[in-house]
Amino acid sequence: MDKLAVLSSRIFPSDPSKGKIGSIEYNVWLAQLFGVPVVGLKAESPLLRIALGIYGVLITLLVTFIYTGFEIYDMILCWPNLDDLSQNICLSLTHIAGVLKVINILYRLDEVAHVVRRIEYSAKTYVVSKSQLVAFYRGEFENKIPLTIYASLVGFTGVLGIIYLFYNPVGVAGQIFPYRVKLPDWMPFGLQLAYMGISVLVFALQIVSIDYLNVTMINQIRFQLKILNLAFEELKLDCGTKKKAHINHDKRLQTIVEHHCLLRDLRIDVEEIFRMPVLLQFFTSLIIFAMTGFQAIVKTENSNGAALIYCYCGCIFCELFVYCWFGHEVSEQSKTLTTSGYSSHWFEFDQRFKKSLLIFMCNSQTPFVFTAGGFMSLSLPSFTGILSKSYTVIALLRQVYSR
């Protein structure tokens, strides 16, 4: 694990002293590679921004919008057939949600850039001690590895689908999941196959990059809270120093309060940017889990395409789980601030310090909670709740299909 951490630190390296966040640069690079025109989130020359913008607009139009339109058209055509409809909905709902995510992030790109700048400022200003540096680099490692695993799983599923598509083009193209789509008849069949395979793969990785940009920001707040907790450890270490050093303790507590206020504002900004896409993600995940579970049951009886269904279930599982896991971790980390403040050697300091610390402890009792549009928290209980409800819908669909 240590060797893996060293390797990850060399790929898109981070430097808190310069406000350089490697995990965000890695995430943005992945988004730009697969055609999401997010420019201005990392250092880029004007010419490179223009090139990335043109490339991103072309890919987004061809893959994100036009292909999804063809899927919606196929959904309308196969409406009377439950099996065909469920196969279409498995992916088309994901793509419709993906379209809205792309529109949202492009519309709010300036706000996203502002959040990134503030995260960089937080790393540059508040990561000071050795223990805080260790926590920062550990947090960067925990950002990069899940993104790599998640993108690899989705990429593997997409490549497996392409192999399956070209192995049995007549039986797969436009007929079964994940290629239930109605393309124009004037398109040559070979071009249709290439368009289907590339579009599904590229669009899936676009969704990964946008989802994980949100998750990266959530996790940045999580380990910044860890760094904030470690600041109180510095107060413990400094206890018993000279009276005049109390001035430094007052300044340090002021820095802690400023850091906490910055993180609280960041949580509000991140949730405001992504609140509706996350709400849509939770709503569609309930339906998609049910539909893919239903397809998995059906395909068990007819193994044609079962492997793709299981891989896609794993992708949707990961997509929802990373939101809930890191959202839950932020909430749990924020709950430790009051204890960390009280655990400092506050009794060694003057009355002004004690009053300031008491105010901070009162404010920090409100946990950092990310929500899906304000309706449900991003937490592990929410995740298990969606799985439970999905199973209920699967049972209902199975009964309807058996008739």
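Including glycine, each Cβ sits where the backbone N, Cα and C put it.
Residues annotated as transmembrane segment in TrEMBL: 47-67 (among others). Within the chain, the transmembrane segment (47-67) has long-range Cβ neighbours (under 8 A, six or more residues past its boundaries) at 32, 34-40, 95, 98-99, 102, 181, 195, 198-199, 202-203, 206.
Marked as transmembrane segment by TrEMBL: 147-167 (among others).
The transmembrane segment feature in TrEMBL is assigned to 187-213 (among others). Beyond the ends of the transmembrane segment (187-213), by six or more residues, the same chain brings 24, 27-28, 30-31, 34-36, 38, 59-60, 62-64, 67-68, 91, 94-95, 97-98, 101-102, 105, 112, 146-147, 150-151, 154-155, 157-159, 161-162, 165-166, 169, 173-174, 178-179, 181, 277, 281, 315, 319, 322-323 to within a C-beta distance below 8 angstroms of the stretch.
For the transmembrane segment (273-294), the list of distant contacts is 86, 89-90, 93-94, 96-97, 100-101, 104-105, 108, 111-112, 115, 210-211, 214, 309, 312-313, 316, 319-320, 323, 370-376, 378, 382, 386-387, 389-391, 393-394, 397-398, 401: same-chain residues at least six beyond its ends, Cβ to Cβ under 8 Å. Among the features that TrEMBL reports, transmembrane segment is placed at 273-294 (among others).
What TrEMBL lists as transmembrane segment is 306-326 (among others). Away from its own ends, the transmembrane segment (306-326) comes close to residues 90-91, 94, 146, 149-150, 153-154, 156-157, 160-161, 164, 177-178, 204, 207-208, 211-212, 214-215, 218-219, 222, 278, 281-282, 285, 288-289, 292-293, 295-296, 299-300, 378-380, 382-383, 386 of its chain (Cβ-Cβ under 8 Å, at least six residues beyond either end).
Residues or ranges marked as transmembrane segment in TrEMBL: 357-376 (among others).
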